[in-house]
Amino acid sequence: MARVSDNWERLVRATLRRVQLRTVGQGHERVSTGLSAAVPPSLGRTTNIDAILQAADEIEEEDPNVARILCEQAYSMAQNLDPNSEGRGVLQFKTGLMSVIKQKLSKKDGARIERNRDHERLWEFYQLYKRRHRVDDIQREEQKWRESGTFGVNLGELELRAMEMEKVFSTLRALVEVMEALSKDTAPDGVGRLIAEELRRIKQSDAVLPGELIPYNIVPLDAKSLINPIGVFPEVRAAISSIRYTEHLPKLPADFKISGRRNPDMFDLLEYAFGFQKDNIRNQRENIVLSIANTQSRLGIPVEGEPKIDEKAITDVFLKVLDNYFKWCKYLSVRLAWNSNEAINKHRKLILVSLYFLIWGEAANVRFLPECICYLFHHMAKELDAILDHGEAKRAASCMSDNGSVSFLDQVISPIYKIIAAEADRNNNGKAAHSAWRNYDDFNEFFWSRACFELSWPLRKDSSFLLKPKKRKRTGKSNFVEHRTFLHLYRSFHRLWIVLVLMFQGLTIIAFSHGTIDLHTFKKILSIGPTFAVMCFIESCLDILLTYGAYATARGMAISRLIIRLFWFGVSSVFVIYVYIKVLQENNRNSDSFYFRIYILVLGVYAALRFLFAMFLKFPFCHRLSEMADQCFFEFFKWIYQERFFVGRGLFERTSDYLRYVVFWLVIFVCKFTFSYFLQIKPLVKPTIIIVNLSSLTYSWHDLFSKHNKNALTVASLWAPVVTIYLMDIQIWYTVLSALVGGVMGARARLGEIRSIEMLHKRFESFPEAFVKNLVSPQTKRMPLERQSSQVSQEMNKAYAAIFSPFWNEIIKSLREEDYISNREKDLLSIPSNAGSLRLVQWPLFLLCSKIFLALDLALDCKDTQEDLWNRISRDEYMAYAVQECYYSVEKILHSLVDNEGRLWVERIFREINNSILEGSLLLTLHLNKLSLVVSRFTALTGLLTQNETSELARGAAKAVYDLYEVVTHDLLSPDLREQLDTWNIIAKARNEGRLFSRIEWPKDPEIKEQVKRLRLLLTVKDSSANIPKNLEARRRLEFFTNSLFMDMPPAKPVCEMIPFSVFTPYYSETVLYGSSELRAENEDGVSIIFYLQKIFPDEWVNFLERIGRAESTGEADLQESSIDSLELRFWVSYRGQTLARTVRGMMYYRRALMLQSFLEKRAFGEIDERYLGSNFPTSQGFELSRVSRAQADLKFTYVVSCQIYGQQKQKKLPEAADIALLLQRNEALRVAFIHVEESADAEGQVSREFYSKLVKADVHGKDQEIYSIKLPGDPKIGEGKPENQNHAIIFTRGEAIQAIDMNQDNYLEEAMKMRNLVEEFRRNHGLRPPTILGVREHVFTGSVSSLAWFMSNQETSFVTLGQRVLAKPLKVRMHYGHPDVFDRIFHISRGGISKASRIINISEDIYAGFNSTLRQGNITHHEYIQVGKGKDVGLNQIALFEGKVAGGNGEQVLSRDIYRIGQLFDFFRMLSFYFTSVGFYACTMMTVLTVYIFLYGRAYLAFSGIDRQINRVAKLSGNTALNAVLNTQFLFQIGIFTAIPMIMGFIIELGLLKAVFSFITMQLQLCTVFFTFSLGTKTHYFGRTILHGGAKYRATGRGFVVRHIKFAENYRLYSRSHFVKALEVALLLIVYIAYGYADGGAVSFVLLTFSSWFLVISWLFAPYIFNPSGFEWQKTVDDFNDWINWLLYKGGVGVKGENSWESWWDEEQMHIQTFRGRILETILSLRFFVFQYGIVYKLHLTGTNTSLTIYGFSWLVLVAIVMIFKIFTFSPQKSSNFQLLIRFIQGALSLVLIAALCLLVAFTSLSIPDVFASVLAYIPTGWAILSLAITWKKIVRRLGLWESIREFARYYDAGMGMIIFAPVAMLSWFPFVSTFQSRLLFNQAFSRGLEISLILAGNKANVQA
């Protein structure tokens, strides 16, 4: 029966248990099991039920009865909390818990339970438990430790028991809580009295128990902690003491409760006065303590007994945190809330900083309004000042509610949040126009004027700012309106367009003047004056037009400036035009040049003034003068010239930086304008003159526009492509020059010096010294080097190697843990400690591999002297090292093995050999041909000594030594020496008596054991060092790391003095960890993820199996049998994907690196550290267990992952929640922030929701432990998801720097070691201003997956290295691109955060952090000595979605105020840099495609009109051949070729010239040009459509492994409108040109003119199928066709998605046309398709030479007839069942009539068969135009009842387009070799074989170089 009960209890527990979470490997095992894991959130939030049940689980084995008591108490608490079981999961929990209790009762076998004695049993067990775990002794030790401030000598024991003690304390806490509950019902005497006394003692004493169990983040401030020594650090103790309550502060009320076990501090006063939330107080208290402690540590660690914080430390924090507030006050001319910074003491500064952080910490979404925060702080600081002046603490009136309570959240933040949320609701989920609602920027800019003080204080609820918007009434914007129009490109960058237009005008005038510049030409060139004035007037008109919507609310001064500028430019335009007309009239009359002199004077004065203002505003020295100039006249003109915003002031650089980028752009301008003049403008001058002068042109169609206008359209068609290329080719020149400059800078930075494993081998000797100088702090260097400084160079090198070795070995160890290398490779790559007595540097064995064998060969072949032999050996320095080490090691090992006579023999042998070496007679002393025999004997000996000692092995080793003695004595030595040794009496006697080497001393000394192992490898490893390591990723990482050691970087500070930083990762619902089922799931090809990875990474799979102790033949199914191995497999796969697990592992390397560095710096607190006894050099052994090192790392590093919906995932028990919990358990320093939603219903059933921002960590039991829970004013997601996710969690970050990391990134231990160098860049000189963002290089780790991934990887790598290198310097326009940049945390959190969040406009949220930083006088740099891994999209669809997202984001940026202000406020040359590296790149990309259209439509016009043939005939007659100059433009169409230049330059710098050429050729063979051309279309479509119609959105690309075939229909849906339609339009234009155009030179000219266009057509149509896995496999092609037909014919309906039905998809495709303006634009664009019908109808044989307009009208009648016939043929019989036969008869008869009519027309009229096809060619685009117009004016068409017909027409069009694309794909699929070729093209060889023949279990190793 008992067995049945046990089984039942296990079953009940199993049903309530979540997935068991384990920790594998090193670290602390935390498992959340039993009922405690099933406590519903509604119960767990307010009680410790889970902790009580966890304690019951812990003590179940010790005392089941006490466990039963705890379970019953937990049940009582649950019943009291929720008696009706209304909460989610409460009923199931209580039922399960009751079942468990019943099972515990049944185990009593009927024995009676006396519950009235439960408290006695509990008390007895409590006492026993405390004695067993020595709790009182530990408390006494802790008290002694705290009083002394140093650790005791038994710290090691405490470290090892730390986690166990946490469990003990947790259990004790549960016991105490249950005892307290039970003692309430017991008598006050006896046990009840003892319990009461114990409870009183615990509460009154400063015991350790509360300290371990009160949740804390980093520093245990609420109670002391034994196992966390961070509180003992002097700087932390000083920081804590600095915030304590002093007598100068107002007295708190007696009833005010202090939370935790701590003394009152200034935060308690702020909590009482303003009503801040308790967890906000706790959070910011720790933030302030850490900030002050870290600032103090840089100034110097306090050494006195009671450490104090320097005033300078507090002042530094004060000035940095409140810097934006000071600037805000200065800008608004408002006095500070206090008299002056000098007048307040450090305590007042500290409480003001605390107040600011508390406001910021509770501000929620208002954190995006930094100047609003300044406003709140300004008034609250005044209130605080008044409170501090009183003796008694008072509550602040601004935060007081009607009932007398205080709440900052309710009274201050909530009203502001509500109005922001109300405005956000008006954006209609991003569909409303930006001008229709106020975004975050609009609200913030309200506080940029003194009008904000109308809000008053406390906040006036009736203020216009806080009034909710009325329905359908537009709310006034602040200073800027984001109207959706391309005109923003002109408005923001008008100076660029003015310069380009003026230069074009000037160059054209010179070209038409035949290149001669005389007075007449000069006067013509001066026509640029009116052009300039008019373009400035247009810009001022756009200012007026695009500010519409802000007039009611914008600042009066801003509106006045617009009007003044409009008036000024209007008047000046009229004046300049008038004067110039007079100049021309004077020129015609040859009269006096009075107006000419006036004109020159006006232009000269104006140009001088512009230059003067440019000087004053852009040059640092002049700018300072202008700032000091306070004359109103000067200020007025400066204000007119450049608008004055709160942001964007002082955007100038130091003169040297300014001159650099000026020279850069002057070079580009010289090249660009020279090219434009000689190859674009000048060749078209003569043809233009000829065309203009032609008066007798005959048009082959009815000409409407070209009469009496000198053939203007013909001239326009020639010049239009040239003009468009002229406007965009500056992008190409920029690309070329930036590639050259970036290449030179990269070479100067020493990038690519170590680019192969051979180079790494050659330079390894120099690594230790370089490492020590750059990456080791003086604190570590000081230990050995001071002793070694007077020694010889070799000993110095040994010292360097000794310091280098622990770091290098940890790097190698991390590579092994990541399975990039095998155990054997790890041994070969590891470097010895070099701390022993060996007299030379010991290098890693991979450098010395096979060197002994080569040296033996040299010795055997030696016929010369000893010196010659040594010289030959020394040519290979590592061979010399190997020989020397081998010699010294043999001596030392033999000396340690033998004693007595044996030791005498060893000493004699080596003495003789050493003497021979000194005398140069070694070849006479030894027979070198016998050395191999000696080596074999010694190898056998070391083989025995590497094993554990046994008696049998000892005998074998003794025999091996004796054999060695025999060989050395009788074979190796010369006869004379052999005779001497044989007759040596001592040895002879021992040998005769059998004592010689009869026993040996087995190696016990670790140094000797290491030498034995190393010597054996040295004598046995014959591998070539070129093959170690084999893995390409391991090679790449080691090559980059060692190369970076020689690059310029700041010296490393000790860990205790470094700048602290946080890493911050936003996460939503992406993959955390692949599940077991996901690994095995196969796609349609039978390929699973695990199979795919085994083929892609075969060597890593073998290394993984070796690491977990499995054989190579082990299968995935075998691993699933073991839960530990199964979990390890999941991690192995996840670490090769783009998962959160990979990111977390990588970022936690920072902590590991800091722990190692801190450990080796041996920061001690009176402890005795045995690591340094008897050794000059530390080792890294045990650094991960050192509590001091861990505490020091936690002081400097924080990692917060913002898992936005983690709370919901836990409630739904999703696997992601369990996986995140697992990551928390494996990483004790990891923190997870998430948004928690609490729902509650009132009496009327209305559900209300409360939102909380929570931070959790894993507790001792592996469960989530809530650290902070801060209530929010409402739903935080009212803008873009990612920045809102970042914003809610950023309050939990710490330190002065914050690294933004996406969840598809990775990091490496060796790179993490350089982080403290990187953050020192904040203190380096990088220009006028200190850096605010440090740019970091990326390595794209997904490049090896497929050819597409490789293209994307190379493109991205080029941008994040060479591209950003140039952007940062010399151009000074690098922004933030969502990469692993490091932010100045204080700078950014006080200025709006690290991203912007307004809906849609900030869709590319990351880039705005760079804009914001730059506009607020930040400085962004770029550094390439450190890198972070990044995963990119690896499939074409993923890439297209990503590029669409980025292009759409850039489209939105064009509309944004940030782009406008940067474009306006940067100096001209810096503005150019910014434009062409941001939105200008996409504008030029769009213009590239536009050029193709303009060129082809121009050619179509010439072909249709028949003008091209006549022009060419006239040109030939005049002897002019320059007309073909248009050919020059063709080479510029393919901008992709030019954009590849930076990639090629990057290859050359980092790979070398030969590898670069090989890589580029390989990419071309893999059709990279097709990919880049296709990408051109993606960018153009999404960029253009976003600006025209909006529709930019976050597009989830998916980050999985692309191993699946994409259906034809899916590709069609994605690319139909973006690529296919446009490609077919271009193809139609080309066909028209070929059919009707004329080119001198025939087919060759056609090919040259149209080659790039045909290439574009083919790329856009077929790239999705070329790059589709198994895209040409016949069976898949058949399946795709069936799927496509089903999709095409499936009817749509409510709830049917576009992926299932063509009709639904078609409706979705029209959603972007929302506005009347958009419809007008679409209508205008659609009209171009009517040109085809108009042109072709006059080219038919049927029409002959008739050009009457009637012909065109008749073609429309034919079209109407065709449409009617189509309707008859498509009429569905099902709709008229009574007339089915009649309908069929009519359709049949009509068919016969049509065929007969067509035959008669061909036979008896001029209609030809080609005419029939030409007519089809004409009507297809006309039909598409009609369709486009119908879709655009959808409502009107619906009212006319034509919508169904339009839908059917559209279906046939899509069917036709699909068939055109599908036919070539199907045809190629007939040939099996095409599919094989495609697989080779797409994937590396190993996977291609795996894809085709899944039975192949081994193939060529994809990631291994043979």
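For all residues, glycine too, the Cβ spot is worked out from N, Cα and C.
Record features, source TrEMBL:
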type	residues	note
DOMAIN	347-460	domain '1,3-beta-glucan synthase component FKS1-like'
TRANSMEM	496-513	transmembrane segment
TRANSMEM	525-550	transmembrane segment
TRANSMEM	562-581	transmembrane segment
TRANSMEM	593-617	transmembrane segment
TRANSMEM	1474-1496	transmembrane segment
TRANSMEM	1531-1554	transmembrane segment
TRANSMEM	1645-1667	transmembrane segment
TRANSMEM	1720-1737	transmembrane segment
TRANSMEM	1749-1769	transmembrane segment
TRANSMEM	1781-1806	transmembrane segment
TRANSMEM	1812-1831	transmembrane segment
TRANSMEM	1852-1873	transmembrane segment
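As a whole-number mean, the pLDDT of the domain '1,3-beta-glucan synthase component FKS1-like' (347-460) in this prediction is 91. The domain '1,3-beta-glucan synthase component FKS1-like' (347-460): residue composition by secondary structure is 78 helix, 3 strand, 33 coil, according to DSSP. Sequence-distant contacts of the transmembrane segment (496-513), counting only residues of its own chain at least 6 positions beyond either end whose CB sits under 8 Å from a CB of the stretch, comprise 490, 520-521, 524-525, 527-528, 531-532, 535-536, 673, 676-677, 681-682, 685, 689, 723, 726-727, 730, 1468, 1471-1472, 1475. Most Cβ pairs under 8 A with the transmembrane segment (1852-1873) among the ranges 525-550, 1474-1496, 1812-1831 are made by 1812-1831. If you look at the transmembrane segment (1474-1496), the same-chain residues 6 or more away from its ends with a CB under 8 A from one of its CBs are 489, 493, 496, 720-721, 724-725, 727-728, 730-731, 734, 1363, 1367, 1371, 1373, 1375, 1407, 1447, 1450-1451, 1453-1454, 1459, 1462-1463, 1466, 1526, 1529, 1532-1533, 1535, 1576-1577, 1579-1580, 1583-1584, 1622, 1626, 1629-1630, 1633, 1652-1653, 1656.
1812-1831 is the stretch from 525-550, 593-617, 1812-1831 with the greatest number of Cβ pairs below 8 Å to the transmembrane segment (1720-1737).
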